[in-house]
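To start, the structure under review is shown below, and the notes come after it.
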């Protein structure tokens, strides 16, 4: 029966939005993971119908030994759909069996109500958007070259061509916007290079790469295309002595991408506050051969930005916790299909997430020498994206530090989908990047880049005055986008003027005392 209790905990955590289906299943003990995962996934497929049966039979009210709704879902699933409960005749199993006839009767009523002729017709339909997203694999440049990778993949029977179509095409063809992917009887063996991200390869959606030696030894890293954008936009420095921060690093895909872009030069401080995810991060970095990363089991928000350790940090990658609403895979639609986007709970959750995300950005802007901050989410909600960016630009830290959004010309200029209109001004809307799940051959994603303005850094008192002036102006009924651009300022190109290191600022404070 412990098998069912473990599975019930996974469903409870999914209901509480504590992670994706895949990530939570990965926390199960390896010896029982396959069996438990199969039960959880199959139960989720039938969850709406099973929940209706449990409610109609008043199961939880009549049997106190069945302590949770998630446990009831699993047990009823196996009773009705899997040939029986796989456990000894304990009190919980006996409690359920007392209602076997009623449960089967209610199941038949649900089938009649929904016009289902078979049990399978009550299962949730697959998310067809998954068929429009290739399987992406990033070639780990720390271990081999893209040419070596292509030759190795060709030796496995793959050919250069469109991974969403059975016909081979020249390898220079990278755009698939006109294609309508379809499942076909024979497995596709086409792959190609990506047009926007260096060292990224595209495979058919159903390609199995996790059982290859290239995956196991870290030469190939499975990473969605949109997830590669933050490191590309940050464009980290790769000279000895450079220091950058990955503020929320686990599981390590983006961190290892940064390390590859830096060629293992300089230093990456990779923060992860959760102990278990920190272990996952270290395992990932070791497998990828990232020797320039210092993994820290520390909450980024607790760091002292004045500490000498961070005096030379110039770039920060910030990909904080988010709703994950842009993630499209073969499992999470089983959970998302039940979510009511207009519910009060959903709105409250987005508000809490946005508050946290803004807090992380404001803290990042306090680092004295930071020049570039990339903020990204795997969310499609403007509350976590454009609205957080707008609030950041109005913040004390942005004004005091002289931060603005980097222009489109340096933020994936060839990517066509930009910010959602009506939240930022036109220039800033063009400066941020969006990915639409299913439409852009990626998961849903958002990327923005803050850079420090040219010129002297204003004092906190001047910043406060500017914020008051800005808020008064934007609250005015006659406020226009052109006026907003004047308030935010339009700076020309030029070198970034950095604040003095923290040691010099401390000396000045001592002199004043």
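Positions of Cβ are set from backbone N, Cα and C atoms, glycine also.
Checking the ranges 420-466, 467-513 against TrEMBL, the region 'Disordered' annotation falls on 467-513. For the binding-site residues 272, 299, 319, a Cα-Cα cutoff of 10 angstroms around residue 378 (active site, nucleophile) retains 319. Excluding 272, 299, 319, which define the S-adenosyl-L-methionine site, the same chain contributes 246, 247, 248, 249, 250, 271, 273, 274, 300, 320 within 8 Å (Cβ to the Cβ centroid), listed in sequence order. The binding-site residues 272, 299 differ in how many other CB atoms lie within 10 Å of their CB, and the one with the most is 272. Listed in sequence order, 230, 247, 248, 254, 375, 376, 377 are the same-chain residues six or more apart from residue 319 (S-adenosyl-L-methionine binding site) with CB atoms under 8 A from its CB.
Once the Cα atoms of 272, 299, 319, the listed binders of S-adenosyl-L-methionine, are compared pairwise, the greatest separation found is 14 Å.
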